[in-house]
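Read through the structure below, which is laid out as structure tokens, and then see the notes.
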Amino acid sequence: MVDISEVACDEKKISSYMDEFPRPGESVGADDFIMRCAGKGANQAVAAARLGAKVQLIAKVGDDQFGKSNIDNLTVRGVDIDRVELVCTPTATATVFVNSEGENCIATVLGANLELDKTSAKKYESALKGASLVLIQAEVSPLGNKKIFKLAKKHGVKTFFNASPGDPDMDMSIVELTDILCTNQIEMTFQLVNENNSLCPLRPYPSDMPIVTLRLILAKPLGIRNLATPDIANDTQMILAEFVTGIPQESFEDAKNAAAQMLTMGPEHVIITLGAKGCILASKDELIEHIPVKKVTAVDTTGAGDCFCGSLAYFIGQGKFSMRDAVAKSAAIATLSVLKQGTQSSYRTREEILCEYPYIFD
């Protein structure tokens, strides 16, 4: 039996490492350049497989050099690629800048990922019904994602949605099909909703202000007020869940309130990741809590959120951990991933973790 079916974005990631991000119109010198296999879904699949999960990847990649090398990479890393298809559309790519603080900004071309649509999703029903959990993210066709979750629900398979990258036009009905919802991590820009529920970018914004956002996924159903001139908190690491829930954000308690609001949309569990500050876990009929992580000096935070979600899928699939314990263990493993450059290459194997932190698997 397969532990996890991952509906995946599989892409080639091109990373440049520099002291500071370039400003508009500016060219800066980079210290290093690395090309790797990546994609949120592929990253999550690799993270789970490296911990020992049986993971099958459902994905489409281009019939090109990038696509073929990505398939080879997944095979080496222990992911079942029998349901990865080659298509004529080019393989997805991501261009990444990483600064000296380990922060990153990313531009993605989805390419072949969008070929996994509603029609093609139907043929994976037999694969889905044999899984204990289906994990999706938002780098493939939203109609394909929704169809996958409908099929999973039909067969009683647990559904896990990593709502990243954020899409203000997201079909909100997918949240009703979601058992576990995880929001995104640190963002460098954001968009707000005006009184007419149309998008209006907020400019200018402080260039040194990292923002953790809940991605507007509650904006439309809740009819957020005009936020054109928000009162930004002094703490630049404060999560701005106000933009998606209408709840002013001044403390972890406010984040907990936002998570509680998200539970009303249907999920059994809601997780809000806060980067170096850990995460918020909200579960139905349970106390909402903040789960901290060990403070470390980050080298590269790229893919840490994917590592968290893949690890969480693994621990949930084991069926012996509480959600609180599964989240805490996954956050600890994701923290280890920021100590090395890269995404999949920074994910520890089960054996590597056991050598230093055996208690994580207890």
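Using N, Cα and C of the backbone, Cβ positions are placed for all residues, glycine too.
From a predicted model like this one, the values you see are computed outputs, not experimental measurements.
Record note: TrEMBL gives Gly39, Lys40, Gly41, Ala42, Asn43, Glu139 as substrate-binding, and the candidate from Asp300, Asp306, Asp325 in that site is Asp306. Each residue of the domain 'Carbohydrate kinase PfkB' (241-349) gets a DSSP state, and the totals for helix, strand and coil are 52 helix, 13 strand, 44 coil.
Cβ contacts within 10 Å of Ala276 (ATP binding site), excluding its own Cβ and spanning all protein chains shown: 18. Neighbour counts were taken at the CB atom with a 10 A radius for the recorded positions Glu139, Asp306; the maximum falls on Asp306.
When Cα-Cα distances from Glu139 (substrate binding site) are compared across the binding-site residues Gly278, Thr302, Ser337, Gly342, the shortest belongs to Thr302.
DSSP assigns Glu139 (substrate binding site) to coil in the three-state reduction, outside any helix or strand.
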